[in-house]
Amino acid sequence: MAERTPWSLSGALRGMFAKKTIDETTWDDLEDALIHADFGPDVTEEVVDDLRAKVERYKTTDPKDLQRMLREGIEERLAKLDPTLKLTERPAVVLVVGVNGVGKTTTIGKFARFLRTYDRKVLIGAADTFRAAAVEQLATWAERAGVDIVRPQAQGQDPASVAFQTVEKAKNEGYEIVLIDTAGRLQTKGGLMDELSKIRRVVEKQAPIAEVLLVLDATTGQNGLAQAEAFIEHAGVTGLVLTKLDGSAKGGFVLAVQDKTGIPIKLVGQGEGIGDLTGFTPHVFAQKLVG
Ligand code: GDP
């Protein structure tokens with residue numbers, strides 16, 4: 001992971017940080033780099049204003065100071081929200097939501113493996129029941145991760161009933177963490193949100209929902225934010241998972257998305273392999289982003 005950081009700003013800013021002194025072009029260059037990296041106009045303006053004020057206050061002209069202040073400022077912004085997964089309930093039920101193609105199935109597979117490495121007994125529920133291929137793909141990931149899965153008994157079975165059966169099995173058989181995949185057909189947004197609400201209601205009759213994780217594709221940048229809103233409004237999202245950061249030059253999306261949604265990023269996907277999922281650590285992220 002350390003080798004592949006195309007989302008790092010340090011490439012775009014290297015020239016600037018290597019200069020002898022901070023001058024007027026510095027601020028334009030910085031603004032361009034942040035916009036290009038998908039910080040979004042609001043966060044970009046705040047970050048640049050904040051840095052200008054600090055540079056004045058500390059009367060520095062050294063671009064190295066600017067780099068350090070940028071890194072610290074980004075870390076501080078990100079650390080305002082708590083990225084810790086709350087998985088203490090037994091079973092801890094996690095609903096995974098998001099539109100098709102963002103990397104939901106892959107994330108569940110990676111997450112299951114991640115939890116297995118901590119010796120957790122994990123059960124996956126395949127509640128995206130309309131796409132037979134989706135169930136098969138999820139089953140393949142479950143096998144790779146070495147965890148069990150509850151499949152629909154028939155294609156198109158009520159997703160809420162699959163979720164119910166999954167949680168029931170988890171309670172009866174002592175599974176510690178339940179990951180429930182859900183549908184992501186955005187064409188029928190109203191229907192999808194109703195379906196998610198029903199799943200929530202049915203699950204909550206048996207166990208509290210520990211987390212609702214919304215998966216977002218970092219390469220979709222600001223468009224992903226529009227998608228996020230509907231889920232946040234209707235699905236009770238508690239955390240975000242950003243996928244495909246490895247293929248994106250848009251690391252600033254991390255700040256934009258936390259700023260706009262007020263919801264913490266809890267997991268980050270950086271590749272298609274089963275090991276390419278990590279928790280989100282503001283300090284590490286800021287360090288990698290800014291250098
Ligand atoms: P779903 O429709 O949301 O379930 O999406 P999938 O899990 O099937 O993923 C869609 C595509 O994105 C697949 O080709 C995955 O291999 C790919 N993908 C998922 N997560 C990542 C990631 O973190 N990095 C990269 N590069 N590709 C990813």
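Yeah, the Cβs are placed from backbone N, Cα and C, and that goes for glycine too.
Automatic prediction, not curation, is the source of TrEMBL annotations.
Feature annotations, courtesy of TrEMBL:
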- 98-105, 181-185, 243-246: GTP binding site (BINDING)
- 1-78: domain 'Signal recognition particle SRP54 helical bundle' (DOMAIN)
- 90-246: domain 'AAA+ ATPase' (DOMAIN)
- 91-291: domain 'SRP54-type proteins GTP-binding' (DOMAIN)
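Sequence features annotated in TrEMBL and their locations in the structure.
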| residue | record | Cβ within 10 Å |
| --- | --- | --- |
| Gly98 | GTP binding site | 28 |
| Gly101 | GTP binding site | 11 |
| Lys104 | GTP binding site | 26 |
| Thr182 | GTP binding site | 25 |
| Arg185 | GTP binding site | 14 |
| Leu245 | GTP binding site | 26 |
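Candidate binding-site residues: Gly101, Lys104, Arg185. Those with a Cβ under 6 Å from ligand 1, in sequence order, are Gly101, Lys104.
Look at Lys104 (GTP binding site): DSSP puts it in a helix. With DSSP states grouped into helix (H, G, I), strand (E, B) and coil, the domain 'Signal recognition particle SRP54 helical bundle' (1-78) comes out at 56 helix, 0 strand, 22 coil. Annotation note: Thr182 (GTP binding site) sits in a coil segment as assigned by DSSP.
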